[in-house]
Every structure is written in C-alpha cells, then in structure tokens.
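Peer 1: Quick one: this structure, given as structure tokens, is what I'll be asking you about.
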C-alpha cells in the first residue's frame with residue numbers, strides 16, 4: 001500500500017499502516033448507495049462538512065484570542081498594571097503558540113491530525129476556563145494560563161489548512177481557504193464584542209473568559225463526529241508517484257531553499273505585526289483619545305466604557321469579510337493575466353493599508369468619524385492577505401511538508417510579528433510618556449502605533465520580491481518527483497552502510 005493510501009491512522013501509528021476500504025478486493029467494500037469518494041478518501045459532502053467544522057473552530061480560536069483585548073482597560077484597572085505589562089498578555093500567548101507550532105507541525109505531517117486537534121482543543125478549553133478564576137494578586141497566573149492557551153491553538157492552526165489542502169485543489173481550494181479565513185476577522189471582532197458585552201452585563205471581566213470554553217468542548221465533539229482524516233497529497237499526486245516522508249532536517253533545508261515560501265512568510269510577518277498591535281491597542285487608543293478630548297469619562301471603576309471595543313469589533317468583522325473576499329476575487333481576476341497575481345495582490349493590500357492606518361492614528365484627536373473611516377479602509381486592505389498567503393504556501397510546498405511549513409511560518413511570523421508587537425508598542429509608549437496625564441497617555445500610544453504603517457510598507461516589499469520567484473517555485477512543487485526509496489549504499493564512519501534514498505535527499 002502506498003503512503004498516500006494509508007493516511008487514516010491511529011494516533012501513534014506509522015503512516016505505513018492504514019485502515020478503511022482499499023483497492024484490489026482487500027478490505028471491506030463500500031455500500032453501493034454510499035456517495036463515491038474522491039482520491040482523498042473523503043466524500044464531497046463530508047469534505048464540505050469538514051470545512052464548516054474547521055471554520056467554526058477557527059472562529060472560536062480568534063474569538064478567544066481577542067476577548068482579552070475587548071476587556072483590556074478593565075484588566076489594567078483590576079491588576080493595577082501599565083501598558084508594557086498588559087502587552088505581555090498577548091506576547092506570552094503568542095510565544096507559547098509559536099514555540100509549540102514546530103512540534104505540532106512535525107506530528108501533523110506524520111500522525112493522525114484529527115486526534116491531535118481534539119486533544120489540543122480540549123486542553124485549550126480547560127486552561128481558558130481556569131484563567132477566569134484568577135484573583136487580583138496573581139497576575140502571573142493569568143500570564144501563565146494565557147501562555148498555556150497557545151498549546152491548543154498551535155495544535156489546530158498548523159494542521160487545519162493542510163486538511164483543507166488534502167480535500168480540494170486549484171480554484172476550489174482557494175474558495176474553501178477564503179471561507180476558512182473569513183473566520184479570522186469575524187472571530188476577532190466577536191471577541192471584542194462578546195468580551196466587552198459580557199463584562200458589562202456581568203460587571204466582571206472574568207466572565208468574558210468563560211464563554212469560549214464550552215464552545216471549545218462542542219468543537220471537540222464536532223471534530224470527532226464529523227471530520228474524517230483525508231489521505232495526504234492523494235488528491236493532487238501524480239498516479240505514478242508516491243510521496244515519501246523525509247527527515248525533519250531535510251524538510252527544513254528544502255523550505256529554507258524555497259524563496260517564495262521564505263519571502264511570503266516575511267511579508268505575512270508584517271501583517272502579523274500590524275494586526276497584533278491593532279488587536280490589543282486600538283480599542284484602548286480610541287478610548288484614550290475620547291478621554292483626552294473630553295468625549296469620554298476616565299475609567300475609575302470597572303466596568304469601563306466599552307463602546308470603542310464594540311465599534312472596533314464590528315469594523316473588524318465587516319472589513320475582514322470585505323478584505324478576504326476582495327483579495328480572493330482580485331487574485332482570481334489577475335490570474336488570467338499573470339501567474340504572479342497572488343503576491344502582487346498581497347503587496348497591494350499592505351501598501352494601500354499603510355497610509356490609511358497612518359491617517360487613522362493621526363486623526364484620532366481631531367475627528368472620531370474620520371478615524372473610524374480610515375481604520376475601516378486600512379483594515380480592509382490589510383485583510384486581503386489572509387487566504388492568499390495560505391494558498392501560496394500550499395502550492396509552493398509539497399504535501400508531506402505542509403504542516404512543517406505551516407509551523408515554520410507561524411514561528412517566524414509570530415516571533416517577529418504579533419509576539420513582539422503588542423509588548424513593543426506598550427514599551428515604546430511607556431518610554432515616550434513624560435507624565436501620567438491624559439494627554440501623555442494618548443500621545444505616547446499614538447506615537448508608538450505609527451510603527452505599524454512603516455512595517456506595512458516593508459511587508460509590501462517582501463511580497464513584491466515573492467512575485468519574482470513564484471512561477472518557478474510553484475512549478476517545482478507541482479512537478480515534484482520523489483525518488484525510489486530503495487536502499488542505497490553510502491559511506492558512513494569509514495564503512496559502507498545501506499540507507500533509504502529519502503533519508504539523504506532534500
């Protein structure tokens with residue numbers, strides 16, 4: 001049995017063992033009335049249901065991540081902390097998420113992805129619930145639990161896109177990825193809205209962290225009931241080719257020599273830097289602008305004014321949907337004219353977002369309406385990247401390396417992006433601030449947020465560079481021909497040793 005036909009495996013089984021119906025009369029035949037399976041081993045109807053479940057979990061993922069941002073003023077007031085310290089809440093989460101991604105990427109390329117996600121999401125739900133019972137003298141415990149939440153999210157984010165890639169190809173894959181990535185802005189916006197409203201109703205920010213755990217347990221149930229593990233690469237593999245696993249080191253060497261993957265990852269890092277900064281600090285910045293101009297009252301007692309979180313959350317939802325949809329459609333139209341369409345659309349999105357983000361920050365004091373209009377435009381252009389970047393990764397990397405590539409991209413984009421940006425913005429704000437007056441609280445955060453516009457321009461440059469290599473790298477991935485894995489003799493430690501071809505090839 002080929003490896004492509006043997007991917008529905010027990011959790012700790014090797015991929016050389018499979019289960020389910022097989023060809024040539026071996027195994028149990030499918031019932032005659034059952035829908036015909038695709039090469040992935042999953043029926044079309046089950047594939048659609050799988051994408052729906054994965055979208056639900058992705059939405060829940062981002063909803064949980066940004067619930068904290070929706071109640072950040074209350075958390076700062078409750079623990080008596082400043083900008084630099086509160087910025088750590090996002091940083092510790094992203095750091096654990098980032099460092100665990102390679103582990104789950106390695107496991108996702110070799111073991112049953114469905115069960116890995118089930119275990120990770122269950123753990124994430126339990127830890128999130130535990131974080132909602134922390135008292136005011138134990139801020140370190142909140143940091144610890146927010147860090148542990150990254151375990152569950154790393155188990156999901158590195159694996160889910162590769163499952164979609166094994167269910168669909170070409171334009172249908174792009175469409176499904178766009179649906180999947182709609183959940184990012186929608187979930188983020190819902191995090192702001194649900195977090196702030198639950199805080200207002202319950203008059204305690206802790207309750208905002210108790211919404212997603214129950215929904216997470218429902219996600220585990222849906223994963224077990226609905227999702228079926230597809231066969232890796234079977235839907236797009238050439239019939240005469242069998243894809244072999246190579247070592248993790250060989251995978252990493254191959255990825256590092258893939259310029260389209262590396263450059264698009266750096267471009268996506270810029271997106272992560274900007275979105276991470278805005279996600280945590282935009283509502284707080286808008287609130288401080290209102291206090292400075294006298295439109296809002298300062299927060300002396302929780303719950304604080306949540307109108308900015310609600311409006312920013314609604315903007316995030318709408319701009320995310322518009323941005324992802326417009327990015328995908330622009331890419332489809334441009335593909336008829338140039339095979340470099342995807343990185344060019346990503347570059348345009350970042351380069352157009354930069355001036356509008358700059359204007360939104362500078363107009364915060366003068367006009368609230370103008371500020372929201374510029375935020376709307378900036379976030380719309382910024383959101384054009386999500387589905388397209390994922391599609392680029394999937395078509396320039398071969399199937400047996402995709403989870404590892406997802407993990408590598410997560411590590412780099414978070415290490416230099418949203419792991420550092422919230423903390424960096426907070427530290428710069430604290431260093432600029434000359435006093436604790438309302439004016440300096442606003443001005444210092446305003447100046448530090450201007451970094452986002454310049455990072456967006458740098459990201460656009462990386463995507464323009466990606467366009468130079470995209471044709472060649474896509475062709476190499478689509479026409480990848482693995483060698484026969486029969487043993488060959490190589491010199492090792494002064495003697496001849498038989499090893500498999502895949503262990504020495506990159």
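Every residue, even glycine, has its Cβ placed from backbone N, Cα and C.
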Peer 1: Of 12-31, 32-51, 52-71, which span is tagged transmembrane segment by Swiss-Prot?
Peer 2: 52-71
Peer 1: Tell me, please, if the transmembrane segment (115-135) and the transmembrane segment (344-364) are in contact, taking contact as 3+ Cβ pairs under 8 Å between residues separated by 6 or more positions?
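Peer 2: Touching, no - the transmembrane segment (115-135) and the transmembrane segment (344-364) miss the threshold of 3 or more Cβ pairs under 8 Å.
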Peer 1: With an 8 Å cut-off on Cβ pairs and a sequence gap of 6 or more, do the transmembrane segment (450-470) and the transmembrane segment (344-364) reach 3 or more such pairs?
Peer 2: yes
Peer 1: Mind pulling out the one from 87-107, 149-169, 266-286, 344-364, 408-428 with the most Cβ pairs under 8 angstroms to the transmembrane segment (52-71)?
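Peer 2: Top-ranked stretch among 87-107, 149-169, 266-286, 344-364, 408-428: 149-169.
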Peer 1: I'm a bit unsure how to read this: which one of 149-169, 207-227, 266-286, 310-330, 344-364 has the highest number of Cβ pairs shorter than 8 Å with the transmembrane segment (408-428)?
Peer 2: 266-286
Peer 1: Are there residues at least 6 beyond the ends of the transmembrane segment (87-107) whose Cβ is under 8 Å from a Cβ of it, and what are they?
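Peer 2: Distant Cβ neighbours of the transmembrane segment (87-107) are 65, 68-69, 72, 75, 116, 120, 142-144, 146-151, 153-155, 157-159, 248, 276, 279-280, 403-408, 410-411, 414-415, 418-420, 422-427.
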Peer 1: Looking only at residues six or more beyond either end of the transmembrane segment (310-330), which have a C-beta under 8 A from one in the stretch?
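Peer 2: The answer is 70, 174-175, 178, 181-182, 184-186, 188-193, 196-197, 282-283, 286, 341, 345-346, 348-349, 372, 375-376, 379-388.
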